[in-house]
Amino acid sequence: MTRELKRVSIVVFLMFVALFASTTTIQFFQADNLASDARNARTIYASYDTERGAILVGGQPIAESVPTNDEFKYQRVYPQGQLYSAVTGYYTLGQGSSQIEQSLNDYLSGTSDSQFLEYLNRLVTGQNPQGASVELSIDPVIQQAAYDALGSYQGAVVAIEPSTGRILAMVSKPDFDPNTLAVHDTQTVLDTYDSLLAAPGDPLINKTINDLNPPGSTFKIVTTSAALQNANLPIDHTEPNLARLPLPGSDSTVSNAGGGTCGGGDQVTIATAFILSCNIPMAELGVEMGEQPLADMAKAFGFGSELTVPMDVSTSVYPRGLDDAQLALSAFGQGSDVATPLQIAMLSAAVANGGKLMTPNLVDAIQAPDLSVLESFEAKELSTPLTSTTASQLSDLMVQAVDNGAATNARIDGVSVAGKTGTAENGEGDPYTLWFTGFAPADNPRVAVAVVVEDGGGLGQSGSGNELAAPIAKRVLEAGLSK
Amino acid sequence: MTNATGPLTAPNGLPGAGTAAPAPTPGRGIRRIRVPQKLRNLELFLLLFVCAVNAFAVVLVQFGALGYADMTVFTLGVGLAVLVLGMHIALRFVATNADPFILPIAALLNGIGIAVIYRIDIAEKLTGWESTAVRQVVWSGVAIALAIGVILVIRNHRVLQRYTYIAMFVAAVLLLLPMLPVIGQEINGARVWIHVGAFSFQPGEVAKIALAVFFAGYLVSRRDSLSMVGTKFLGMRFPRARDLGPILVLWALSMSVIIFQRDLGTALLYFGLFVVMIYVATGRASWVVLGVGLFLAGGVIAGQVLTYVNDRFTNWLDAFNPAIYDEVGGSYQLVQGLFGLANGGLIGTGLGQGRPDITPLAQSDYIIASVGEELGLAGLFAIFALYLLFISRGFRISFAGQDDFGRLLGVGLSFTVALQCFIVIGGVTRVIPLTGLTTPFMAAGGSSLVANWIIVGLLLRLSDTVRNQPRLVI
């Protein structure tokens, strides 16, 4: 019997070995996978037990966690929810998160690598885990001005400090109140989320970085830069001044916005074409230069780059492999060109900064609960699309466009403003996309801005960038100058 | 060492090892020499330590889940402590040489179980008589009282051999009770409960002890006919057709438990117990081959015919499939249990600081997932080690015992504990399909506590007998 008993003992031992192995597999090897399963409520609950870090603007919280008495220890609160919804995004029970709440989640929740020791320390000492706070580069005055100026239009405003790339304002409309998504009831969250998803104008999308529109005439900054710098054409280089340009190899034609020629005379200079925002000379320039100089310049300005600010920015596109007709269209911002408002603001910012394009960024510093700085912002150069000479030429052209060209609604008394409008077509019968981008003061730029009014600002195909977008930009620039 | 039917010799060095010769009883006239009860003193020391650990666990649960400690620690911790110390005192008088580890291990598992059940009570805001933990303490009282009764009444385990067929009758009645119309009750699809007044009881839990007694008695008397004759096939001697009776009866019994009571775990437990005991008794691997084959065949057929068996297999194999996860009777509980275990990780969230209550039946079928979440892999390993130690003490009795009935009973009783652990923990951790049994000593439920504490009583009695056998002086 003893021999059998031994064998049974071995079987029992093996049964327990199987249990040791299975629990080790689950609790050690698969633990991370299981924790990241979307159905795992424990992971979400755990994040609500942490005092999530605050998101700060000018030292004031625009998102913070306050203690509660319900089953979760903290409630997320957004004191000016709608004003900053494009920046903070939302943080929900069950429906994920977005924007800063998502892209800096590791820091806010205290689980980033740089907070590991701190986390361990709090675990051992029995304190509740606490996340790091994030100080943004947003200027509350400019943000408020941009929010008010955009009013009830569907669109976006983004402002950048040209010398550093710090983002000073980020507004997207229609907006939403993140507080309505921060409630501690999954069904309410789901209902609100679904209704926001279905709402007209996509309020949950941050249009400053995630909405791609044809850039229209704002792209003439790229085309003109390419002509002056990459193709080495003088600013008084001329093109035939036509009222209609047949597209090569096609029966379509291109016309200028006003329908006639570009100013007087048989020939038109690059400068005039830019200031008056004429399509035909730009199209002719594009075909004359060829694709390469244009594509190189677009790339240097940031088209085709994958940016994080730290949210992921949709990639703006200048297409390649174009025939002459497409090349002509792309040269004045139509065809397959698409850009985010941030990209358009970067055009102005590079011109304003003497040709150096700084990497745009929304975060000044990340601060641990013990006030030590985990990360701080350093200005970084993204590229140098323009020489200082070309930059100052472009700057002059943009000032003239505002002073007595196609962008007159952006004028500010006593300050020289540089600007460029855009009125982009989206297709047969569709409302236009209305643009303005510029900076001020032109001699010592402090703010660069891009405004987009989508859906024609409600005017279908009768609105223009100068009419609707330029006044919004003016108020944003004024707010920036009043500082 | 020895062959199956040869003289029974225990491994060297084990106390109480001897031969199968009849043990002379101490003469009446000889004055008993008073010796210090070394084993009992060790047991007392361990018990005091265990009681401190149990009370500490309850306090930790309170601080973790409530943020403060109140008087509950006295009802939960002290109640159990008084009971197990009472049992210890009983042992000092009637079983001085019983194994010193069995009682502390059972007390520790029981106490940790109560702390974790109490933790779920807090999450579900149950207090007073609603509280499962309070009821668990009461049931522990009943169970430990019965265990003390076992030790007091059964002064020599060999009397049980006389009741071999009565044990069979008792097991059959207990098994049939839930099928009766008035008192029988179906919970979560399984008809294994009886309901009397406010109390629910699972008679099948106690039936396993009666079955172990019956198997031990029956196999000791019939082992020769079951092992000696038969035809050799593939290097193994298979039993004659007419000796297949018992295993076929047990197989039929298990299958009817699966079909009529819809309880896979219990069926597997009974059949596994029988197969192991017949193997130990006869030393013939062919019984194991036959038994496993029969059970697998039955299981496969049941999987084809019975929806609930098929569901268990699907849930096991494809637990994370969203369709199966969302289905009624799908893998929701299994997956949530895995999430709980993962949440615990290596060292656990700490008592009272996880969210084990998300998993359905976190205090009974899934208590091991609750323990794993709050005490982590480290805690589970400790629990497994305790079970292994408990089982090994039982096996030790079998190794050292001198009568075949006692040896078989010892291995049967310890093996049920081992198999039950494997079936339920293996089910929770996806080693085998989930079948729903209770984790011995820990899970909420009176029937399981009563059954396992009776096993404690029997093992203590057996171990005392083993040590009291004087060595044969040659």
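All residue numbers here begin at 1 and follow the chain in the order shown.
Glycine too: its Cβ is placed from the backbone N, Cα and C atoms.
In TrEMBL, annotation is done automatically, which means it is predicted and not curated.
As given in TrEMBL:
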- B:17-28: compositional bias 'Low complexity' (COMPBIAS)
- B:1-29: region 'Disordered' (REGION)
- B:44-65: transmembrane segment (TRANSMEM)
- B:71-94: transmembrane segment (TRANSMEM)
- B:101-120: transmembrane segment (TRANSMEM)
- B:132-153: transmembrane segment (TRANSMEM)
- B:165-184: transmembrane segment (TRANSMEM)
- B:196-220: transmembrane segment (TRANSMEM)
- B:241-260: transmembrane segment (TRANSMEM)
- B:266-282: transmembrane segment (TRANSMEM)
- B:287-309: transmembrane segment (TRANSMEM)
- B:375-395: transmembrane segment (TRANSMEM)
- B:407-429: transmembrane segment (TRANSMEM)
- B:441-462: transmembrane segment (TRANSMEM)
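The stretch with the most CB contacts under 8 Å to the transmembrane segment (B:101-120), chosen from B:71-94, B:132-153, B:441-462, is B:441-462. Under the criterion of 3 or more C-beta pairs below 8 Å, with sequence separation of 6 or more, the transmembrane segment (B:241-260) and the transmembrane segment (B:287-309) qualify as touching. Beyond the transmembrane segment (B:407-429), the same-chain residues lying 6 or more positions past its ends with a Cβ under 8 Å from any Cβ of the stretch are 8, 157, 160, 208-209, 212-213, 215-216, 219-220, 265, 268-269, 272-273, 276-277, 280-281, 334, 337-338, 341, 365-366, 368-369, 384, 387, 390-391, 393-395, 397-399, 401, 435-440, 443, 452, 455, 458-459, 462. Beyond the ends of the transmembrane segment (B:44-65), by six or more residues, the same chain brings 72-73, 76-78, 80-81, 84-85, 88, 100-101, 103-104, 107-108, 111-112, 114-116, 118-119, 122-123, 350-353, 374 to within a C-beta distance below 8 angstroms of the stretch. Here the transmembrane segment (B:196-220) has long-range neighbours at 160-161, 163-165, 167-168, 170-171, 174-175, 177-178, 183, 185, 187, 226, 246, 257, 261, 263, 266, 269-270, 273-274, 277-278, 281-282, 404-405, 408-409, 412-413, 416, 438, 445-448, 450-451, 454-455, 458, meaning same-chain residues at least 6 beyond its ends whose C-beta is under 8 angstroms from one of its own. Long-range contacts of the transmembrane segment (B:266-282) within its own chain (CB-CB distance under 8 A, at least 6 residues past either end) are made by residues 4, 192, 204, 208, 211-212, 215-216, 219-220, 223, 226-227, 246-247, 250-251, 253-255, 257-258, 288, 291-292, 295, 398, 404, 407-408, 411-412, 415-416, 419-420, 423, 435, 437.
Residues 75-76, 79-80, 83-84, 86-87, 90-91, 94-95, 98, 110, 113-114, 117-118, 120-121, 126, 363, 444-446, 449-450, 452-454, 456-458, 460-461 of the same chain sit 6 or more residues outside the transmembrane segment (B:132-153) yet have a Cβ under 8 Å from a Cβ within it. Distant neighbours of the transmembrane segment (B:441-462): 91, 95, 98-99, 102-103, 106, 109-110, 112-113, 116-117, 132, 135-136, 139-140, 142-144, 146-151, 154-157, 199-206, 208-209, 363-365, 367-368, 371, 383, 393-394, 397, 401, 406, 409-410, 413-414, 416-417, 424; these residues of the same chain sit at least 6 beyond its ends, with a Cβ under 8 Å from one of its Cβ atoms. Long-range contacts of the transmembrane segment (B:375-395) within the same chain, counting only residues at least 6 positions beyond its ends with a Cβ under 8 Å from a Cβ of the stretch, are 99, 101-102, 105-106, 108-109, 112, 344-349, 351, 368, 410-411, 413-415, 417-418, 421, 425, 440, 442, 459, 463.
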